[in-house]
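Participant: Please see the structure below; I have some questions.
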Amino acid sequence: MGCIPSKDSSGGAVTPGGGGADDSAKKKAANKRANLEGEGDDNESQKRQVAFTRRSSNYTRSVKQLVNEGLVLQPEFNGASGTSDRKGVLTKEPLPTTMSGSGRDSMRVQSHDTKSSRGEKMSMEELMQVSDEERSNRRADMKCTFRHLSSYPDLNKMFSETEVKVEDLTWDLDCFRQDRNEQKWQINATLAMFHSLGLLKRYDISTESLVYFLLTVKLNYNDMAFHNWLHAWSVMHASWLMISAPDVGECLTEGDKLAIMLAAVCHDLDHPGVNNDFLAKSKDPLSERYATPILERHHLAMTMDILCDSDQRVKVVHGLDSEKHKELMVMIEEAIMATDMGVHKSICEELQVRAERVAQAAAAGTPLKERSFSRDSFEDRVFLVRSIVHTADLSGQAMPKEVAYKFGAGVLTEFHHQYCKEAQLSLPLSGWMKDLDLALGQAKSQLGFITFVVLPLWASMGTIFTSLKPQVDRVQSRMEEIDFDNLDKWGGFVRGLQPNPYKGGSLDGIIPEPAKDEKESAAASGGGGGGG
């Protein structure tokens, strides 16, 4: 996942000014920024570049100093109007009514059935018995298309778990490489992952059924810059790497591992490339169907549509008895709903408590036998399933540098396009998406995201499970690579994003010049002051 909404405490536009010895340096820096963005002929762009310009001394600070100066903003997780809770959803507005009358467990919807109460949940048994026709009606209400897979001659001959070696599926894998980012390799690699976990044999899953399932899932991802099939596959791969490590895997059952793999590859199904806030304020049909979090509930519904479809070819969970099948569905729901960034804080807080217990025990020379998670505790297993899929969803920055930059570019691109669309539709603008066409705006956003979101999550996971420590180091490296003095050399800079054409005359949201410390004030006292 990429950048996260942040609270912008910035002031209004900064008017360049000054004189004396500082003028030359300011003009030179402004020209450098303009050339960096490739927008030197655009007067509006030049104004914005100058407003963003800072002296070099203001960039070479610690993260804490950068936060205090307003260059890095601590993220907040604000969804649509109303208060979101993972289990019970509270909304300011009445729950929406739909024409289909079908619903999903934990999805607060209003049925036309006079016997059902407002927002009543369906039981798991009812959930599994929703007919194909009801699912089709629901999707029609939301203007959502479910893509069915055409017949293939013989999938057993086209794909095989032996074509890809699991030894090649490491944290160093470049999933963007041309021979890796193609369907046959991805499906074969997935078969190898399932086979290595023993899931095919344990649950009597045929190669043909799993391939049909995976291809159907792939068909129902949209071609977005970030929220696409490749991201879903990468999240599943990261999840597999985590649960394949002995220190993590010993805390989970085989059913938990199956739920993690299925949820990971399905967690962003039919993602439209905009966030929950946009869907709510634009009154998208999805927002009329689901309470918050809108997208995660839609992803879960799409997952159930595929797993529960009457097409026998995609049956991958038929080898379970009713109780284990129900538990699997619960775990899948928990995992997908855990990808809602609205629950990120609560997950991090609980992980931190568990990590501190592990660290204290290790320091005392008595490491916790079960690493703060017990396989015998259903509650522990549920939370670990949620934590693994949520961490895998935020694993882009724990990948090799080139892979991390490409995933980051996808997120920044989606956010920038959403900001432009908000302006085009005259919707309230997401201030934290502003100026993502500029190198400084991108760097500031990414540094805040890594500092306040990714690192705390991965640090706790790395303390509890030592097998993940190398990925924590990679996340820290992504922070150190952002040099505000040399953003033209930063590999994470996404070139080519155009300024918002619908709000080009506005300079609101530009951060003010950071306050000078005493030494800087003394050095500058002989020249003309002013922002810039």
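The backbone N, Cα and C atoms fix where each Cβ goes, and this holds for glycine too.
Straight from TrEMBL, here's the annotation block:
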type     : residues                                                       : note
COMPBIAS : 105-120                                                        : compositional bias 'Basic and acidic residues'
DOMAIN   : 151-497                                                        : domain 'PDEase'
BINDING  : HIS227, ASN228, TRP229, LEU230, HIS231, ASP268, ASP393, GLN446 : AMP binding site
BINDING  : ASP268                                                         : Zn(2+) 2 binding site
Participant: Under 8 Å between C-beta atoms and at least six apart in sequence, can you list the same-chain neighbours of HIS227 (AMP binding site), or say none if there are none?
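Facilitator: Correct list: TYR221, ASP268, HIS271, GLY273, GLU414.
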Participant: CB neighbours of TRP229 (AMP binding site) within 10 A?
Facilitator: 22
Participant: Do any residues at least six apart in sequence from LEU230 (AMP binding site), in the same chain, have a Cβ closer than 8 Å to its Cβ, and if so which, in order?
Facilitator: CYS175, PHE176, ASN181
Participant: Which residues in the same chain, at least 6 apart in sequence, have a Cβ under 8 Å from the Cβ of ASN228 (AMP binding site)?
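Facilitator: Long-range Cβ contacts: TYR221, ASN222, HIS271, GLY410.
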